[in-house]
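Here the structure comes first, spelled out in structure tokens, and everything after it is commentary.
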Amino acid sequence: MSEFQPIFQYIVEGRTRDLEALIRQLQKPLRFIKDTTGYTLIHFAVLNEKEEIINLLVQHEKGLPGTPANEVTDWVNSLSPDGYTAFHLAISKGNFSIVKLLTLLGADVDIKTPLGLGSLHLAAQGDFAHLISYFSEIGLSVMECDSKGGTPLHWAAYMGAYYATSVLMALQAPINCQDHDGHTPLHLAVLSANNRVVRLLLLKGADRAIKDSRDRTPMEIAKENQSNELIDMLKPEGILEKTGYRPLLKPYKRTAFPFYFVLCLIIVTLALIILFCVQYNYYLSYFFTATSVSAILLMIFLVNSNPGYITRPKGIKLSYLYQTYKYSEICPDCVILRPARSRHCHYCDKCVQKFDHHCQWVNNCIGARNLGWFYSFISLLWLSVGLSIAISIEVFIGHETDRGIEDSPYEISLIVASFTGFLSVLTLVPVSYLFITHTKNFCENQTTSERFSKGSKFRGGKKEKSCFVKNCYSMCCNKEDDHSSKSSIVTTSSKQMDDYHMILEESGTK
Ligand SMILES: [Zn+2]
Ligand SMILES: [Zn+2]
């Protein structure tokens, strides 16, 4: 072993040239050399993350006269005493370039560890979204199970690997699959108290009612562990979630019912006031009619508007994005680099520029391109609700004109005014809440989504302080995001993309 000792030393120190000179001088096969723990030189170089040396070792071996090619491949795929190949070690290190190199050198991507863990399991454990997307692109299945029936998603959920969880779900990993203990990924995320992962799984439709082999639902596990935040997330949605004042933690089917309900309410109130109450105050009634009609038109516009959906550019690979940019900047569902302030809407299943929220009442997302219109709609609605109450008060006071009283008896007007007044008082509180919070958002240049997320509001730096006029202008007219969206993948140089695709093709991407 002593004559090979310098080889190990050169690997640790990354002295590629010295190593090259040494092995050339030795002219001996290297594939039989192992360290004291039984690791081959390739294992050892991977552990030390020396990519150039791995290539050097394999090329040297291939160049030795009389070395069968299959023996070199066997060397690349040899197992350590604990049953791991160099490829497994490279995945555990999360080293994309070594993983790619080993793939090109003939590493078997299907070999499992003694626990039955495949490449995707290992990548999921380490939260390596770039490796997961790469393995999927070269044809590995996200459904493969380990010896205990655990899928990569089980491991990601258990380890609290948020990015691995999100990319695996984007790749259609089975979300409610049970392992041999009956655990779904949701059970495991709750067991290890990974709140962020639990939230994501729920948003994507994880089943809360499945029981494990000990007859426990995720909620029962959360109660056992006294995790109040998890109990809050797992309980059925309340009135706030149903009315859209708090985000719903489950997939929401887009339905036009709330839209038609609100629309009918505005139209009925408007019609009743025009028919029976207009004569009690003409100025207020005309003003009310103008605001209500405008609100109706805006509502119809909003339901059909594009909030600023971001389209997926052609030819972009997910692994390329993960390898090139920060994980947090990538949307695996849309396969895009998200511009600052954009977010994936789980209801629309698309990323929206300057995402504000998904409004159930207008059955659409509110984002960069319709935020100003939405604010105008709320303002008009608030005004029209206020005016409706004022008109009802006028009717109660009985301040009728001579002409009006002949058209409809005072009693009917009084009944109508009681009804519209009651409806308006009921809606005044939620509409005022919306109006005030959105006014605050506009003055502070922040979206509803940013207000709800306590963490970093602005990707890539702090928000600059500016006056409220500038803030309102930015919210209405989407000024700053026009620029930041241009800095997305569009700026990826074609040279980078070409190089990348060449690598993928060489390593067998379909
Ligand atoms: Zn998205
Ligand atoms: Zn949406």
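Cβ coordinates are placed from backbone N, Cα and C, and glycine is handled just like the others.
The annotation domain 'Palmitoyltransferase DHHC' is assigned in TrEMBL to 326-453.
Distant neighbours of the repeat 'ANK' (82-114): 40, 42-43, 45-47, 49, 51, 54-55, 58, 72-73, 76, 122-123, 125-126, 128, 130-131, 134-135, 138, 140, 146, 323, 503, 506-508; these residues of the same chain sit at least 6 beyond its ends, with a Cβ under 8 Å from one of its Cβ atoms. Among the features that TrEMBL reports, repeat 'ANK' is placed at 82-114 (among others).
Among the features that TrEMBL reports, repeat 'ANK' is placed at 148-180 (among others). Note on the repeat 'ANK' (148-180): DSSP counts are 17 helix, 0 strand, 16 coil.
Nonlocal intrachain contacts for the repeat 'ANK' (181-213), taken as residues 6+ away from its ends with a CB within less than 8 angstroms of a stretch CB, comprise 148-149, 151, 153-154, 156-162, 165-166, 169, 175, 219, 221-222, 225, 227, 229-230, 233-234, 249-251, 346. According to TrEMBL, the feature repeat 'ANK' maps to 181-213 (among others).
Counting same-chain residues at least six beyond the ends of the transmembrane segment (256-276), those with a Cβ under 8 angstroms from any Cβ of the stretch are 285, 288-289, 292-293, 295-296, 299-300, 303, 360-363, 381, 384, 388, 391, 408, 412-413, 416-417, 419-420, 423-424, 427. The transmembrane segment annotation in TrEMBL covers 256-276 (among others).
Taken from TrEMBL, the feature transmembrane segment applies to 282-303 (among others).
Tertiary proximity for the transmembrane segment (373-397) is limited to same-chain residues at least six positions away from its ends with a CB under 8 Å from its CB atoms, namely 266, 269, 273, 277, 280-281, 284-285, 287-288, 291-292, 294-295, 298-299, 301-302, 305, 356, 359, 362, 366, 413-414, 416-418, 420-421, 423-425, 427-428, 431-432, 434-435, 438-439, 442, 475-476. Summarising the annotation, TrEMBL assigns transmembrane segment to 373-397 (among others).
According to TrEMBL, the transmembrane segment annotation covers 412-436 (among others). Outside the transmembrane segment (412-436), and at least 6 residues removed from its termini, the chain residues within Cβ reach (under 8 Å) are 243, 245, 265, 269, 272-273, 275-277, 280, 378-379, 381-382, 385-386, 388-389, 391-393, 395-396, 400.
Using a Cβ-Cβ cut-off under 8 Å and counting only residues 6 or more beyond its ends in the same chain, the repeat 'ANK' (148-180) has close neighbours at 115-118, 120-121, 123-129, 132-133, 136, 142, 186, 188-189, 191-192, 194, 196-197, 200-201, 204-207, 210, 212-213, 318, 322, 327-328, 332-333.
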